[in-house]
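These features come from Swiss-Prot:
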| type | residues | note |
| --- | --- | --- |
| TRANSMEM | 32-49 | transmembrane segment |
| TRANSMEM | 121-136 | transmembrane segment |
| BINDING | H121 | chlorophyll a ChlzD1 binding site |
| TRANSMEM | 145-159 | transmembrane segment |
| SITE | Y164 | site 'Tyrosine radical intermediate' |
| BINDING | D173, D192, H336 | [CaMn4O5] cluster binding site |
| SITE | H193 | site 'Stabilizes free radical intermediate' |
| TRANSMEM | 200-221 | transmembrane segment |
| BINDING | H201 | chlorophyll a PD1 binding site |
| BINDING | H218, H276 | Fe cation binding site |
| BINDING | H218 | quinone binding site |
| TRANSMEM | 278-292 | transmembrane segment |
Amino acid sequence: MSTIVQRQKEFNFFDLWDSFCAWITSTENRIYIGWFGVLSIPTLLAATTCFVLAFIAAPSVDMDGIREPIMGSLMDGNNLITAAVVPTSAAIGLHFYPIWEAASMDEWLYNGGPYQLIVLHFLIGIWCLLGRFWELSYRLGMRPWIAVAYSAPVIAATSVLLVYPIGQGSFSDGLPLGIAGTFHFMLAFQGDHNILMHPFHMLGVAGVFGGALLSSLHGSLVASTLIRNTDENESINGGYKLGQQQVTYKYLAGHNSFLGRLLIPTFASRNHRAFHFLLAALPTIGIWFAAMGVCSMAFNLNGLNFNHSILDSRGNVIRSDADILNRANIGLSVMHAPNVHNFPLVLSSGQPIPVS
């Protein structure tokens, strides 16, 4: 009796590496990973996990660095509207503050360490997700405009979570991670920088509102000009098959004939590619400008101010809405001050200016 023993295949690291690379970059996977995904997936998971834990159970944080901790978690008595991950303490400033830099876990939590962990992992994750969009588009032979459009919210998040704290000198000035915290950040930003009077913010508003208008216009016109392949007793959606190559609506009927007669011929559109490009470009460019505005105001290049009232030839104040706006900004600024129980000097000095 003889026994035949086959020789085992030797371990080859390079063959294993080639298989791993093919799996990472394969477009046949249910979820595309890609090389950017190797970094974006774990960082976003880490940020999400830490955010959920901090949102539910993080202890109070000394955000202003004056030993007056702020309670932001659900277990401290907040609800879903008021709860937030409180930014890192002003005592830490812009220092990198990982867990191993603190003397204890309690100290790390008290100084708001989770905020830095969440923000930095989140920013790495969303920038790599942008790269992942480009990578998948490249491998499928598509053009890169999906990644370009996604760059707008990524830049906006980076401006309020990283650039603004850098410009102001502390992560404590960053956006709190919560609903009420977001509105607190907006009001404080208006009081300190008068963002509503910044031209870049105005362009951002025009872009977002214009994009919303075009989206509703396009959607309603498409839904109104669907091609019917069924009789009147069946739903018009019954004649549609997923992935069909035939057109499903009449672009010229809605965007050219209808708009051209409803408004003026100049507003009519005959080129659906140009219209779809405008639909994507308008909000994207608008958010780019808004993010650039936040980045400029991070270094105190603020919006247009009206610190000096309009005077007549005799030196008397001419009442205007600018005075009301200026006083409102001053009120927001002093209410944002950490020691608000002390009467602010900015309101106790100078001549009173009646606004009504």
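Glycine is treated like the rest: Cβ placed from N, Cα and C.
In sequence order, D173, G174, L175, V294, C295, M297, A298 are the residues near Y164 (site 'Tyrosine radical intermediate'), counting only same-chain partners six or more apart with C-beta under 8 A. The Cα of H193 (site 'Stabilizes free radical intermediate') lies closest to that of H336, out of the binding-site residues H121, H218, H276, H336. Cβ neighbour counts within 10 Å, taken over all protein chains shown, single out H218 as the most crowded of the binding-site residues H218, H276. Apart from D173, D192, H336, the residues listed for [CaMn4O5] cluster, the same chain places the Cβ atoms of Q168, A188, F189, G191, S333 within 8 Å of the centroid of those Cβ atoms. Fewest Cβ neighbours within 10 Å among the binding-site residues D173, D192: that distinction goes to D192. The list of residues near the transmembrane segment (278-292) in space but at least 6 beyond its ends in sequence, with Cβ under 8 angstroms from a Cβ of it, reads 145, 148-149, 151-153, 155-156, 158-159, 200-201, 203-208, 210-212, 214-215, 218.
Looking only at the binding-site residues H121, H201, H218, H276, the one with its C-alpha closest to H336 ([CaMn4O5] cluster binding site) is H201. Each residue contributes its Cα atom, and for H218 (Fe cation binding site) and H201 (chlorophyll a PD1 binding site) those atoms are 25 Å apart.
Least crowded of the binding-site residues (H201, H336), judged by neighbouring Cβ atoms within 10 Å of its own Cβ: H336. Annotation: H193 carries the greatest number of neighbouring Cβ atoms among the recorded positions H121, H193 [cut-off 10 Å, Cβ to Cβ].
A separation of roughly 24 Å, to the nearest angstrom, links the Cα atoms of H201 (chlorophyll a PD1 binding site) and H276 (Fe cation binding site). On the backbone, the CA of the residue listed as 'chlorophyll a ChlzD1 binding site' and the CA of H276 (Fe cation binding site) stand 34 Å apart.
Between the alpha carbons (Cα) of D192 ([CaMn4O5] cluster binding site) and H276 (Fe cation binding site) lies a span of roughly 38 Å.
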